[in-house]
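Copied from Swiss-Prot, the annotated features are:
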type     : residues : note
ACT_SITE : C330     : active site, nucleophile
ACT_SITE : H436     : active site
DOMAIN   : 249-444  : domain 'GATase cobBQ-type'
Amino acid sequence: MDKKSIMFLGTASSVGKSTLVTALCRYLKNQGLNVAPFKALNISLNSYVTKDGLEMGRAQVVQAEACKLEADALMNPVLLKPSGEYTQVIADGKVFCNIEPYKYKELNETLKVRVKKAYDKLSKKHDVIVLEGSGSCAEINLKDSDISNMAMAEIADAPVILVSDIDRGGVFASIVGTIQLLPESERERIKGVIINKFRGNIELFKPAIKQLEDIINIPVLGVMPYEKFDIDDEDSVTERIRNKEEVGTLDIAIIRLSHMSNFTDFSILDRIPDVTIRYVDKPSELKNPNLIIIPGTKNTIEDLRSMKENKLFDKIKELKESGTPILGICGGYQMLGTLILDKLGVEGNISQEDGFGFLDIKTRFNETKVTKQTKGNILCDLKSIKSIEGSTISGYEIHNGISKIGKKAIPFIKDLDGDIVGVCDKERIVAGTYLHGMFDSEEFISSFVKSLKENNDIVVTEDIIIEKVNEYKDNEYDRLSKLFEENIDIYQLRKIMEL
């Protein structure tokens, strides 16, 4: 068949473009089409590493899963990762440079060439490409340097669907205003509008839809109801890391760092009955959890200093002395050591900082970035978390720091190459690792949570059965696709795509 494409652009950030792309990808896949997602430029600290060691935005990984494809860095050729005064630019899956944000325009033409090459390669491998824009497509102050919205639609020669979010209010003004701000040639690309996150009686809303269509002379293809799906996407960051007051039988506190990255590490914990995940950034919020997790961060030293300044650092040390188990992941792992050195200014202007001193490791930042998928085994139980020794785990590493392991550190995780990628202290109260995604290993997470409950005298009435991660995700993608089919004019959408 001839190559087909369609692009979802938004009236603003967080209107649900990623979710709608995911929905359409799964629908088209279920129709037997060879479909793939594409986003020219992503801005996120929530990244992923492909099998060939290339880094890309997490949202396109989700969309690839909906297409039943392995994630491919071609799907997201440019990823911007803000870090303090600088932004790290990932191009074609590898670090391209660290740049001050105001200088980004200087890279525009270079990145545009890379984006076009990536799209051309991807489109040769698939029959249909579903593209996603970034933020608002009508930011007139950024138009000259924009490579991810209408400029990308032109490169792909893709028809555009404009998405707006009614839940935040002002949906009609945002749709009309967005279209009016575009030049005529770009307006002509918009073939339909989708109103997202609707709550209420659709029959009462229909007259307003007709009025809108008369004003813009573009059909509204449907109204998507507000519905929650357990799908990782950039728009869910705020929802996931908000502070929850309710406490289940097992209370896990995750430190909400200013530059926190890879929040998807903890998605599976949110799905386990009687487990409450609380994100905290003040000593008073920490209380007495059953487990403290310090997550990954794009600026380890700065976030460590922030914890010292607001006394959260002291509170964590106090809880450790009373026996509260602590787990650090990536940047959190580095913080648990004795010293962090950044003489090259990889993350910022602070050259060194003392860590918690819980683990006998010293970390030095290098310009070379480690990006790889990793499989390994748990080498020992922890004091509060037993029955995990011997568990097989898999995940991925994204870090500039290299940690030198001292004699007092106890090896906790060894990868299949024989390298130690995590250690614990001699009391086995504190542990850390470079592995993101380790909780997605079903055998490990089941034993981990069950043992943690038992250690805290929480009744475990039956084995903790966690639905296989891939099956769970698959069901959510199908549920999303079904809602999309029920509320969007699929016939008209296919006609726009010439399918």
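The backbone N, Cα and C atoms fix where each Cβ goes, and this holds for glycine too.
These figures come from a predicted structure and were not determined experimentally.
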What mean pLDDT does the predicted model reach across the domain 'GATase cobBQ-type' (249-444)?
94
Could you measure between H436 (active site) and the residue listed as 'active site, nucleophile' for me? Cα positions, answer in whole angstrom.
7
Counting only residues 6+ away in sequence within the same chain, which have a CB under 8 Å from the CB of C330 (active site, nucleophile)?
S261, N262, P295, G296, T297, E397, I398, H399, T433, Y434, L435, H436
Cβ neighbours of H436 (active site) where a neighbour is any other Cβ within 10 Å:
26
